[in-house]
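This structure is in structure tokens; I'll ask about it shortly.
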């Protein structure tokens, strides 16, 4: 029995060592190669405190666009110190009627905190169940990794939120743009969405798609 306990102790020790970080950080070097696990590391001798600070979220984004919204990301390499740490941030500005359309982050879950205004937010599970909530100042909501979700300004004035991601590079795919802002042939879009030719051509015209 004593030997079994010793074996389990040794295995747990080896396991903890094998998964431990071999360095304190890996500040992104945008000039180096990028892999699925992140950017290559900047020379530690060239790293400064500025690599671990980011002021880009202090300024409101430009919401003069078709969705009346702006997302200001603080991902690697813009916020180089986040590289490899499994965390990043973003600022979300929504003008009146602004919306972040249905989209996914294939690389991370998301947590949102409302700072100003009222935001209607929700996500759709893989079982097609809708989870919908109206969020006011100080409220928060999480969106599981890879699931379609959205945010909509449902108040009377501008809305502001900050979001955090469980990855330094969460990725992004916006559903309407994926369908209607590229050169995917219209007949394929119609066949896979059950929309009419007229509807597809109209949406492609609005979002800049061709074909």
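Quick reminder: no glycine exception, Cβ is built from N, Cα and C everywhere.
Marked as Mn(2+) binding site by TrEMBL: 103, 105, 110, 149. Per TrEMBL, the feature oxalate binding site maps to 105, 110. For 26-41, the entry in TrEMBL reads disulfide bond. Sequence annotations record features per position, and here TrEMBL assigns signal peptide to 1-19.
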Under 8 Å Cβ to Cβ from residue 149 (Mn(2+) binding site), same chain, six or more residues apart: give me those in sequence order, or none if nothing qualifies.
102, 103, 104, 110, 121, 122, 123, 124, 143
Would you identify which of the binding-site residues 103, 105 has the most other C-beta atoms lying within 10 angstroms of its C-beta?
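Neighbour-count leader: 105.
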In sequence order, what residues of the same chain, 6+ apart, have a Cβ less than 8 Å from the Cβ of residue 26 (disulfide bond)?
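Listed in sequence order: 38, 39, 40, 41, 42, 83, 84.
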What is the total of other Cβ atoms whose distance to the Cβ of residue 110 (Mn(2+) binding site) is within 10 Å?
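22, counting other Cβ atoms within 10 Å of residue 110 (Mn(2+) binding site).
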Determine which residues of this chain, when 103, 105, 110, 149 are set aside, have a Cβ within 8 Å of the centroid of the Mn(2+) site's Cβ atoms, and list them as they appear in the sequence.
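Neighbours within 8 Å of the Cβ centroid, excluding 103, 105, 110, 149: 104, 123, 143, 147, 148, 170, 172.
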What is the total of other Cβ atoms whose distance to the Cβ of residue 41 (disulfide bond) is within 10 Å?
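So the Cβ neighbour count for residue 41 (disulfide bond) comes to 16.
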